[in-house]
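This report refers to the structure that appears directly beneath it.
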Amino acid sequence: MSTADRYRKVFPVTWEQLHRDAKALSWRLLEKGPYKGIIAIARGGLVPAAVIARELDIHLVETICISSYQWQEQTSSHKVLKTVEGRGEGWLIIDDLVDTGGTARLVREMLPEAHFATVYAKPAGRPLVDTFITEVSQDTWILFPWDSEVQYVVPLVNQPQQS
């Protein structure tokens with residue numbers, strides 16, 4: 001399935017909104033802790049993990065590095081670039097988003113005892129995470145602030161109509 005077919009909508013997230021949503025996630029996670037530390041899924045989970053680490057006063061932050069996207073195309077293969085030891089007991093895994101669940105499934109297999117939280121969740125991946133804040137439809141591309149910049153956009157009325 002091509003990107004054009006898969007993503008029919010774009011959901012832009014600002015730095016302020018991401019911070020607000022990550023803090024809201026922290027409120028939900030507060031009652032489920034305490035945690036030994038955070039395992040951030042790089043790269044998308046790094047910024048939310050920093051906010052959550054501050055809010056939960058967690059000083060130990062590890063990373064697991066998995067490559068699955070090439071721009072807007074999600075690849076079918078996941079490349080594990082860095083992992084962590086253990087089964088995840090007492091640890092909090094943080095990612096920005098669970099989409100199709102490919103990355104989440106792989107991390108769940110590696111760290112089955114960790115608590116898995118994401119800021120945003122799509123229906124296909126939602127069952128793989130324990131806690132999330134905002135659900136977004138499967139056909140929506142979430143445009144994170146680290147992937148965008150402020151620029152002029154043509155008003156909707158002047159844009160070509162999509163079927």
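Keep in mind that glycine also has a Cβ here, set from the backbone N, Cα and C atoms.
Among the features that Swiss-Prot reports, 5-phospho-alpha-D-ribose 1-diphosphate binding site is placed at R43, G44, D95, D96, L97, V98, D99, T100, G101, G102, T103. Annotated Mg(2+) binding site per Swiss-Prot: D96, in sequence order, evidence recorded as sequence analysis. According to Swiss-Prot, the feature guanine binding site maps to D99, I142. The annotation GMP binding site is assigned in Swiss-Prot to D99, T100, G101, G102, T103, W141, I142 on the grounds of sequence analysis. Taken from Swiss-Prot, the feature xanthine binding site covers D99, I142, and the record attributes it to sequence analysis.
The structure, with features from Swiss-Prot marked on it.
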residue	record	Cβ neighbours (10 Å)
R43	5-phospho-alpha-D-ribose 1-diphosphate binding site	16
D95	5-phospho-alpha-D-ribose 1-diphosphate binding site	30
D96	Mg(2+) binding site	24
D99	5-phospho-alpha-D-ribose 1-diphosphate binding site	25
T100	GMP binding site	17
G101	5-phospho-alpha-D-ribose 1-diphosphate binding site	18
G102	GMP binding site	19
T103	5-phospho-alpha-D-ribose 1-diphosphate binding site	25
W141	GMP binding site	17
I142	guanine binding site	20
Legend entry - Those binding-site residues, out of R43, G102, T103, W141, that come within 10 angstroms of the residue listed as 'Mg(2+) binding site' at the Cα: R43
Legend entry - 5-phospho-alpha-D-ribose 1-diphosphate binding residues R43, G44, D95, D96, L97, V98, D99, T100, G101, G102, T103: largest Cα-Cα distance, in Å and rounded to whole number: 17
Inset, instruction - May I ask you to report the DSSP-based helix, strand or coil state of D95 (5-phospho-alpha-D-ribose 1-diphosphate binding site)? - result: strand
Legend entry - Span of D99, T100, G101, G102, T103, W141, I142 around GMP - largest C-alpha separation, Å: 17
Inset, instruction - Would you mind reading off the Cα separation of T100 (GMP binding site) from R43 (5-phospho-alpha-D-ribose 1-diphosphate binding site), to the nearest angstrom? - result: 17
Inset, instruction - List which of the binding-site residues R43, D95, L97, G101, G102, T103 have their Cα within 10 Å of the Cα of I142 (guanine binding site), in sequence order. - result: L97
Inset, instruction - Work out how many Å separate R43 (5-phospho-alpha-D-ribose 1-diphosphate binding site) and G102 (GMP binding site) at their Cα atoms, rounded off. - result: 15
Inset, instruction - Let me know how many other Cβ atoms fall within 10 Å of the Cβ of L97 (5-phospho-alpha-D-ribose 1-diphosphate binding site). - result: 23
Legend entry - Distance from G102 (GMP binding site) back to D95 (5-phospho-alpha-D-ribose 1-diphosphate binding site), taken between C-alpha atoms, in Å: 13
Legend entry - W141 (GMP binding site) to D99 (5-phospho-alpha-D-ribose 1-diphosphate binding site) - Cα separation in whole Å: 10
